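> Residues or ranges marked as 5-phospho-alpha-D-ribose 1-diphosphate binding site in Swiss-Prot: G78, 81-82, T86, 88-91, 106-114, S118. Annotated anthranilate 1 binding site per Swiss-Prot: G78, N109, in sequence order, evidence recorded as sequence analysis. Swiss-Prot lists S90, E223 with the feature Mg(2+) 1 binding site, giving sequence analysis as the kind of evidence. Marked as anthranilate 2 binding site by Swiss-Prot: R164. Look at Swiss-Prot and you will find D222, E223 tagged as Mg(2+) 2 binding site, backed by sequence analysis.
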Amino acid sequence: MKEYIERVTDGDDLTQAEARAVATTVFEDATEAQIGALLTALRAKGETEAEIAGFAEGMRDAARTIRPDREGLVDTCGTGGDDYNTINVSTTSAIVAAGAGVPIAKHGNYSVSSSSGSADVLEEVGVDIEAEPPDVEETIERDGIGFMLAPVFHPAMKAVIGPRQELGMRTVFNILGPLTNPADADAQVLGVYDPDLVPVMAEALARLDVERALVVHGDGLDEIAIHGETVVAEVTDDRIAEYTITPEDMGLETRDIEAISGGSPEENAADLRGIVTGDVTGAKRDIILANAGAAIYVAGVADTHEAGVEQARQAIESGAAADKLDDLIGA
């Protein structure tokens, strides 16, 4: 560990295999001082795509994993940290996408950058967010949707809680969550808080052999935006295509970002329920359509973003999205 800390401090990059080995040491027997020194040195140097992928592999190695018997699993987990207090976009979008027939293995945690994270809002609507891995696996196989709470599936992360809190700055662990789905999702929509992270995370996903993914940053949001342009890196096998999309490209209209503001877990839970049942419309519904449509598209169920949006709309209007919320609550 000391050798790796010295190398990173000197500005040397680690290989993917070395980063994986370092992550294993961090989780198993590194001291808090060593962990803090390593994370600080990596932050100062700047983490490479290979290092990020290697750390993700090490985190996956230490995780409690599941393998649901479902083809084409999709995750909609973002990094958080965009400093906008919006409604719970990725969580609600996952439920709507499931209503459109996309099998969802949703990975998430409590709030990072808003007053209500995926775990906060799902707990508020009545989901058993602390379900054990075998139970979540069964739920995904039966209902086509399940939620995996990060602390339940990644207990080894306890080793880095102290150093991260004491450092008080972003580290590589702030971006690893979306790369470490415990169900080994085949495809995902991954939102990032910084547009500079779009190509970096896309390359990391390619190194991790994801089948298909969209890495997105929407004009300040770690989501696909309806208030402006979204930068996208689409990963397909080893190919990465970068492009931008606007609300109009998806058959939607541009909205004010203030119109998608969130609130407390109780308020966001009410919005989630209202959107999936069709009672909440306007901008809040539109941003869910945009992001659920992306999940439907990346799953291969729709051929374009716009077609995905239309299928998301149909999932809400038919009651299928509300049925998936009921399945998740009743699991």
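Backbone N, Cα and C atoms are what each Cβ position is placed from, and that goes for glycine too.
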> Which binding-site residues (N109, R164, E223) fall within 10 Å of S90 (5-phospho-alpha-D-ribose 1-diphosphate binding site) by Cα distance?
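Checking each Cα against S90 (5-phospho-alpha-D-ribose 1-diphosphate binding site), the hits are E223.
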> Just give me the nearest neighbour of R164 (anthranilate 2 binding site) among the binding-site residues T86, N109, E223, Cα to Cα.
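Checked the binding-site residues T86, N109, E223; minimum Cα distance to R164 (anthranilate 2 binding site) goes to N109.
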> Fill in the CA-CA distance, G78 (5-phospho-alpha-D-ribose 1-diphosphate binding site) to E223 (Mg(2+) 1 binding site), as an integer in Å.
8
> Would you kindly give the Cα-Cα distance separating D222 (Mg(2+) 2 binding site) and Y110 (5-phospho-alpha-D-ribose 1-diphosphate binding site), rounded to the nearest Å?
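Y110 (5-phospho-alpha-D-ribose 1-diphosphate binding site) to D222 (Mg(2+) 2 binding site), Cα-Cα distance: 16 Å.
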> Looking only at H107, R164, the binding-site residues on record, which one has the least crowded Cβ, with the fewest other Cβ atoms within 10 Å?
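Ranked by other Cβ atoms within 10 Å, the binding-site residues H107, R164 bottom out at R164.
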> Please report the Cα separation of H107 (5-phospho-alpha-D-ribose 1-diphosphate binding site) and D222 (Mg(2+) 2 binding site) in Å, rounded to an integer.
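Answer for this pair: 15 Å between alpha carbons.
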> Please report the distance from the Cα of D222 (Mg(2+) 2 binding site) to the Cα of T86 (5-phospho-alpha-D-ribose 1-diphosphate binding site), rounded to the nearest angstrom.
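Between the Cα atoms of D222 (Mg(2+) 2 binding site) and T86 (5-phospho-alpha-D-ribose 1-diphosphate binding site), the distance comes to 10 Å.
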> Using the alpha carbons only, what distance in Å do you get between T86 (5-phospho-alpha-D-ribose 1-diphosphate binding site) and E223 (Mg(2+) 1 binding site) once rounded?
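Checking the Cα atoms of T86 (5-phospho-alpha-D-ribose 1-diphosphate binding site) and E223 (Mg(2+) 1 binding site) gives a distance of 10 Å.
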> Going by DSSP, give the three-state secondary structure for S90 (5-phospho-alpha-D-ribose 1-diphosphate binding site).
helix
> Give the helix, strand or coil assignment DSSP yields for R164 (anthranilate 2 binding site).
helix
> Work out how many Å separate N109 (anthranilate 1 binding site) and E223 (Mg(2+) 1 binding site) at their Cα atoms, rounded off.
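Roughly 16 Å, rounded to the nearest whole number.
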> Starting from the Cβ of D222 (Mg(2+) 2 binding site), draw a 10 Å sphere and report how many other Cβ atoms land inside it.
27
